[in-house]
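Working notes, structure below.
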Amino acid sequence: MDTMFSEMAWLIPLFPLAAFLLLLASGRSGRRVGVAIGSVGSLASLVLSILVLIEHMGDGATYYQDGFKWIDLGSFQLNFGYEVTNLSALMLVVVTAVSFLVNVYSAGYMRDDERISVFYSYIALFTFSMLGLVLADNMLSLYFFWELVGVCSFLLVGFWYTKPAARAAAKKAFIVTRIGDAGLLIAILLLFWYMPDHALDFVRIENVFEGQTGAVAAGVTTLIAILIFVGAIGKSGQFPLHVWLPDAMEGPTPISALIHAATMVAAGVYLVARTFDIFQASPVAMETVAYIGAFTAIFAATIGIAQNDIKRILAYSTVSQLGYMMMALGLGSLTGGVFHLFTHAFFKALLFLGAGSIIHAVHTQNINEMGGLGSKMRITAWTFGIGALALSGIPPFAGFWSKDAILATALHENPTLFVVGVVAAFFTAFYMSRLFFLVFTGKPKGDGKAHESPLSMTIPLIILAVFAIGAGFIETPWNGTLSEWLTGTAAAAHSGGGLVMVISTAVGALGIYLGWLVFVKGTIARDAISSRAPWLARLLERKYYIDEIYEAILVKPLRGLGQLLNAIDQYLIDGIVSFIGGTAVFLGRGGTRLQNGQVQTYGLITILGLVILIIAVVGRRFWS
Amino acid sequence: MLSSYLMVAAILFCIGLYGALVKKNAVIVLLSIELMLNAVNLNLVAFSKYGVVPSLTGQIFTLFTIAVAAAEVAVGIAILIALFRARGTVNVDEYDEMRR
Amino acid sequence: MFNIEWTGEYIAFIVFSAVIISGAVFMINFTKVVHMVVSLAAVFIGIAGMFVLLNAEFLAFVQVLVYAGAVSILMIFGIMMTKHKESETESKRGLHSLLVGIGAVALFGILFYAIRQTEFPQEQPLQAVEDNTLEIGKLLFTGYVVPFEIISVLLTVAFIGSIVLAKKEANE
């Protein structure tokens with residue numbers, strides 16, 4: 001098969017960019033057409049992405065790269081190009097599909113918002129940046145788009161900037177991810193410094209590190225890998241930089257679905273997958289990734305149990321699932337990580353959009369104030385349930401297969417992490433069932449005027465639900481299509497596949513059953529734990545006091561330093577400046593008084609000047 | 001002898017200078033300027049007699065100076081009268097147009 | 001400094017310079033404007049006397065005519081037409097006067113020093129000619145005829161100009 005569509009891949013990001021520019025140009029008048037422009041832009045990208053993916057499904061066209069010379073410094077050359085691999089083709093489809101569905105969904109969700117066209121332009125800009133990130137063929141242009149998505153995230157989290165919480169969350173998201181970005185930047189600089197020919201494109205990075213040529217020393221390799229991972233930590237909300245992601249839920253819900261569940265936060269995973277060869281060259285880095293991923297997975301899952309805000313629960317769930325992906329990558333399973341990224345994108349987007357539909361109906365985010373919505377919002381309830389099951393890892397939904405792939409790898413590579421993963425899966429199932437049962441079953445609370453959302457919101461839910469059911473079948477223990485396609489080698493059969501499947505299903509079912517017992521049947525009192533170990537409940541509810549710790553050990557000292565520097569600036573620097581200024585003003589005042597328009601004063605000055613001049617010129621003979 | 005004349009001229013010049021810069025009345029300022037001019041004339045005539053090259057040229061120049069001074073006084077008084085009509089005063093320190 | 005012979009010329013010089021300097025000082029110190037003009041006329045006459053001592057008889061006459069006559073009268077007319085207060089108000093600008101005084105005295109000091117330091121050539125002074133007016137007239141109409149004509153034009157222009165300036169604007 002030829003590379004006809006891959007050659008046109010550079011068009012994919014340009015559709016959203018064009019949509020963004022159109023929306024920007026049309027301003028507020030674009031309110032009516034904004035929805036159409038944004039949706040058409042992302043639809044065009046989606047179609048082209050699917051064509052590219054289909055092309056890559058076949059044989060032959062596994063790789064295509066093109067671009068133009070961007071920077072030419074002596075012997076160093078850098079292209080600004082794009083690169084289509086199987087991995088990026090898959091990511092293209094995920095991004096454009098979720099983006100398109102979110103566009104459609106937002107038409108209903110944001111219908112009454114004043115600035116809907118601005119919202120759409122931000123989404124288009126984000127889609128453009130994300131696609132650019134996926135297609136980037138070297139580290140530098142990847143970094144470029146990496147920062148662009150960060151900006152879009154900032155803009156969209158703070159979209160309702162009249163809310164103080166949204167402003168604070170936007171700033172927090174931006175600043176915390178910047179910490180990670182700094183790590184990535186240093187990694188890029190190190191790569192530039194140590195790579196042969198200062199090459200930054202992925203192809204040559206792959207060649208250098210895969211071949212273990214020793215061109216880059218082992219210590220440096222580890223350092224680079226760790227620093228890249230720091231960037232991924234920031235973007236993907238891994239511990240200890242996860243704090244921004246739950247707060248980012250202050251943004252509009254479709255944004256949470258698009259950016260903070262399906263695409264941008266997956267960029268960290270994508271980055272690690274993209275530079276996987278560097279990681280593979282360094283066992284230390286791999287272990288770091290695996291352990292941090294596993295810790296994040298269980299850490300965030302436990303927090304998720306104690307939260308009451310529907311979006312925050314989903315946010316911690318996202319953090320937890322991203323931890324799974326990282327763990328998979330750290331254990332050497334590129335397929336597992338990317339597969340989970342793929343399925344997670346669909347079912348987490350589904351869950352968020354479903355949550356948006358609920359919030360749209362009841363105007364609250366507290367799950368304790370909801371209840372009995374199942375009968376009023378049938379489509380939402382069903383699709384949300386599918387998403388929840390997929391997340392909990394119940395067969396045959398998508399999440400089961402990808403989680404199974406990860407756990408199988410973990411069992412094979414590192415049994416400790418396998419246990420951690422299983423426990424995290426149990427917690428996941430428990431908090432999802434808690435969420436589902438509290439929202440959709442039981443007695444209705446509130447004013448009870450909840451109703452099903454409009455068609456533009458339910459259709460994306462249904463489509464995503466289909467994916468949440470079906471997306472998992474591209475890779476099963478019996479059918480290694482995806483891994484073969486991604487890594488180019490025939491997959492080794494999962495050892496102990498059956499055992500893992502049984503365990504993970506059992507754990508998921510157990511979690512759900514426990515949730516049912518607690519929140520529906522009431523066999524176990526709800527405050528069973530909180531009454532016996534109130535400190536534990538508090539610890540979870542306060543998210544392990546991470547924010548407070550950061551506040552105490554980082555924010556406060558830095559703020560104190562800032563105030564000190566501010567004081568120095570205000571009193572010392574400003575003092576010097578205003579002293580200089582004041583001197584000039586003083587001299588000027590004096591000058592003004594001399595410049596009084598009186599001829600006689602001028603004459604006086606002339607005479608004095610003449611006398612001084614004569615003394616200076618003639619008098620030299622006396623003292624020299 | 002020459003230095004005695006020059007000394008008188010210098011004294012006269014300095015007194016005129018003092019008056020021109022201190023006096024408020026514009027007429028007196030004009031008078032002081034005349035004093036300074038006369039000091040110059042005295043110098044010219046003194047050099048005409050006792051100078052390095054004694055000749056009548058100094059006297060001719062003094063003649064011209066006197067003519068110019070006469071013209072100056074006439075024009076000065078005319079300007080003064082016009083100013084007085086416009087501003088209602090002859091005080092020099094109230095003439096501060098140059099500041100504006 | 002004092003080893004000079006007491007000739008008639010020198011005594012006359014002393015008298016004239018006393019008249020000139022005291023007149024000038026009086027002019028500065030008087031408060032009534034008319035008194036000032038009178039003492040100024042004394043200065044002019046003293047200078048005319050000096051011109052006679054310097055063998056410039058014609059200039060002395062011109063000095064008396066133009067300065068002591070015309071200029072003083074013109075000043076008195078100016079004083080009358082600007083109908084200012086009779087006496088000069090005391091200057092309130094103490095610092096200004098002081099600085100001007102310092103400047104004037106310093107300038108005089110410099111001039112004094114320069115005059116005392118200079119070695120003047122002791123050449124033969126210009127001899128008194130038979131008819132000073134005749135000699136000046138010859139020079140004026142031979143070597144200095146062009147400046148002479150120009151100065152006459154200047155005078156004409158100045159007088160016409162002063163008439164224009166001082167004239168009351170009729171249509172105002």
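FYI, residue positions are counted from 1 along the chain as it appears here.
Even glycines carry a Cβ here, placed using N, Cα and C.
Computed from a predicted structure; not experimentally measured.
For A:70-120, the entry in TrEMBL reads domain 'NADH-Ubiquinone oxidoreductase (complex I) chain 5 N-terminal'.
TrEMBL lists A:136-428 with the feature domain 'NADH:quinone oxidoreductase/Mrp antiporter transmembrane'.
Positions annotated as transmembrane segment by TrEMBL: A:33-54 (among others).
Here TrEMBL flags A:87-106 (among others) as transmembrane segment. Residues of the same chain lying 6 or more positions beyond the ends of the transmembrane segment (A:87-106) and with a Cβ under 8 Å from any Cβ of it are 9, 12, 16, 35, 38-39, 42-43, 45-46, 49-50, 52-53, 55-56, 116, 119-120, 123, 126-127, 130-131, 134-135, 252, 254-255, 257-258, 262-263, 266, 270, 273-274, 338, 341-342, 345-346, 349, 353, 356, 456-457, 459-461, 463-464, 467, 486.
The transmembrane segment annotation in TrEMBL covers A:118-136 (among others).
Residues annotated as transmembrane segment in TrEMBL: A:173-195 (among others). Residues 139-140, 143, 146-147, 150, 153-154, 157, 204-205, 208, 215-217, 220, 223-225, 227-235, 241, 243-245, 247-248, 268, 271 of the same chain lie 6 or more positions beyond the ends of the transmembrane segment (A:173-195) yet place their CB under 8 Å from a CB of it.
Residues or ranges marked as transmembrane segment in TrEMBL: A:215-234 (among others). Long-range neighbours of the transmembrane segment (A:215-234) within the same chain, counting only residues 6 or more positions beyond its ends whose Cβ lies under 8 Å from a Cβ of the stretch, are 146, 176-187, 190-191, 194-196, 208-209, 240-241, 267-269, 271-272, 275, 278-279, 281-282, 284-286, 288-289, 292, 326.
Look at TrEMBL and you will find A:255-276 (among others) tagged as transmembrane segment.
Long-range contacts of the transmembrane segment (A:288-306) within the same chain, counting only residues at least 6 positions beyond its ends with a Cβ under 8 Å from a Cβ of the stretch, are 226, 229, 233, 238-239, 242, 272, 279, 313, 316-317, 319-331, 414, 417, 420-421, 423-424, 427-428, 430-431, 434, 537, 540-541, 543-544. According to TrEMBL, the feature transmembrane segment maps to A:288-306 (among others).
Marked as transmembrane segment by TrEMBL: A:338-359 (among others).
Sequence-distant neighbours of the transmembrane segment (A:379-398) (same chain, 6+ residues past either end, Cβ-Cβ under 8 Å): 317, 321, 343, 346-348, 350-351, 354-355, 357-358, 361, 373, 404, 425, 428-429, 432-433, 435-436, 439-440, 452-453, 458, 461-462, 464-465, 467-473, 501, 504-505, 507-509, 511-512. The annotation transmembrane segment is assigned in TrEMBL to A:379-398 (among others).
Here TrEMBL flags A:454-474 (among others) as transmembrane segment.
Summarising the annotation, TrEMBL assigns transmembrane segment to A:494-519 (among others).
Within the chain carrying the transmembrane segment (A:602-623), a Cβ under 8 angstroms from the stretch's Cβ atoms is held by residues 594, all 6 or more beyond its ends. The transmembrane segment annotation in TrEMBL covers A:602-623 (among others).
Beyond the ends of the transmembrane segment (A:454-474), by six or more residues, the same chain brings 97, 101-102, 104-105, 107-109, 111, 339, 342-343, 346-347, 349-350, 353-354, 356-357, 360, 379-380, 382-384, 386-387, 390, 396-402, 481-482 to within a C-beta distance below 8 angstroms of the stretch. Ranked by the number of CB pairs under 8 Å to the transmembrane segment (A:118-136), the listed stretches A:33-54, A:255-276, A:338-359 are led by A:33-54. Here the transmembrane segment (A:255-276) has Cβ contacts under 8 Å with residues 87, 91, 94-95, 98-99, 102, 105, 123, 126, 130, 133-134, 139, 142, 146, 149, 152-153, 156-157, 159, 180, 184, 202, 205, 225, 228-229, 231-238, 245, 248-249, 289, 311, 314-315, 318, 322, 325-326, 329, 334, 337-338, 341, 344-346, 348-349, 351-353, 356 of the same chain, all six or more residues outside its ends.
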